[in-house]
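Going by Swiss-Prot, these are the annotated features:
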- 6-172: region 'N-terminal SAM-like domain' (REGION)
- 173-222: region 'Linker' (REGION)
- SER177: phosphoserine (MOD_RES)
- SER182: phosphoserine (MOD_RES)
- SER183: phosphoserine (MOD_RES)
- SER213: phosphoserine (MOD_RES)
- 235-249: region 'Fe-S binding site A' (REGION)
- CYS235, CYS244, CYS247, CYS249: [2Fe-2S] cluster binding site (BINDING)
- SER270: phosphoserine (MOD_RES)
- 272-275: motif 'Cx2C motif 1' (MOTIF)
- CYS272, CYS275, CYS283, CYS286: [4Fe-4S] cluster binding site (BINDING)
- 272-286: region 'Fe-S binding site B' (REGION)
- 283-286: motif 'Cx2C motif 2' (MOTIF)
- SER303: phosphoserine (MOD_RES)
- SER305: phosphoserine (MOD_RES)
Amino acid sequence: MADFGISAGQFVAVIWDKSSPVEALKDLVDKLQALTGDEGRVSVENINQLLQSAHKESSFDIVLSGIIPGSTTLHSADILAEMARILRPGGCLFLKEPVETAVVNNSKVKTASKLCSALTLSGLVEVKELQRESLSPEEIQSVREHLGYHSDSLLSLQITGKKPNFEVGSSSQLKLSIAKKSSGKPAVDPAAAKLWTLSANDMEDESVDLIDSDELLDAEDLKKPDPASLRAPSCGEGKKRKACKNCTCGLAEELEKEKSRDQISSQPKSACGNCYLGDAFRCASCPYLGMPAFKPGEKVLLSDSNLHDA
């Protein structure tokens, strides 16, 4: 039996299931207790009761599962996550499980790659295979009896994984440098600076051809655009012209000017133009005599008597 790197004073958990032979389990526990000594501890736990046992987090240095000779244990994702939880940071998990070498759809037995992925997803690192070997006749019989699985392409895979040296949610102080950084400017290459420098003398030098920006424009570019051409295609369509909200094409101003012209043209006009000022400015024959002054354009109704008198 491999010692799995167990030393004195360590806490070890041994996981077994109904396929584990009792005598083989007892022999394994005795050997582990001899390795851990009086300061260490070996705990034996049934895999079906592991989740209900409520072991404290980070309780064990080593977890062994399915290692008992003759055992054919299958490990679910929940079981693997619980094993990772009870491991101390830096602790190791060793497990053995029958794996399928053929491609079988919806198989309860994992392939080797899927088993490695399951350990990684449970939170373990440095996952690697340790040993592959054929199943013994007793193990093949155990798979059929306890797992109800029949296949001629099974192997026994021993695999290990390590818990990271930190707990989930733990914090660590960052070592930040508080030394004042030099604010010196980078050195400038004189040759490069001279290359990109254009002096006033160069500007007046006739040998230097400078492009006149106005020459880049043709007569068409200098024409003032027609406001109608700037209007949106759908602006003002329909029987009633109406400017859009936040109009920017000029239709709103155009409609406002048309409205002002209509108001001016609709205002009543008099011959002298002074009727609205009051009687002091009205003609002798003005029909508005005797009426108070009014604003220009204000609608004033005249009675029939006033019209006949006028």
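Placed from the backbone N, Cα and C atoms, the Cβ positions cover glycine too.
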Completion exercise
Checked against DSSP, the composition of the motif 'Cx2C motif 2' (283-286) is 0 helix, 0 strand, 4 coil
Handout entry: Closest of SER213, CYS272, CYS275, CYS286 to CYS247 ([2Fe-2S] cluster binding site), Cα positions, recorded positions only
Key = SER213
Exercise for the section: Anything within 10 Å of CYS249 ([2Fe-2S] cluster binding site)? Look among the binding-site residues CYS272, CYS275, CYS283, CYS286, comparing CA atoms, and list what you find. Expected result: none
Fill in the blank from the handout: Across the binding-site residues (CYS247, CYS275, CYS283, CYS286), the Cβ with the fewest other Cβ atoms inside 10 Å is that of CYS283
Completion exercise
Whole-number Å distance separating the Cα atoms of CYS244 ([2Fe-2S] cluster binding site) and CYS283 ([4Fe-4S] cluster binding site) is 49
Fill in the blank from the handout: CB contacts under 8 angstroms to SER213 (phosphoserine), restricted to the same chain and 6+ apart in sequence, sorted by sequence, are none
Handout entry: Residue among the binding-site residues CYS244, CYS249, CYS272 whose Cβ has the most other Cβ atoms within 10 Å
Key = CYS249
Completion exercise
Mean per-residue pLDDT in the motif 'Cx2C motif 2' (283-286) works out to 77
Exercise for the section: Can you see whether DSSP assigns CYS249 ([2Fe-2S] cluster binding site) to helix, strand or coil? Expected result: coil
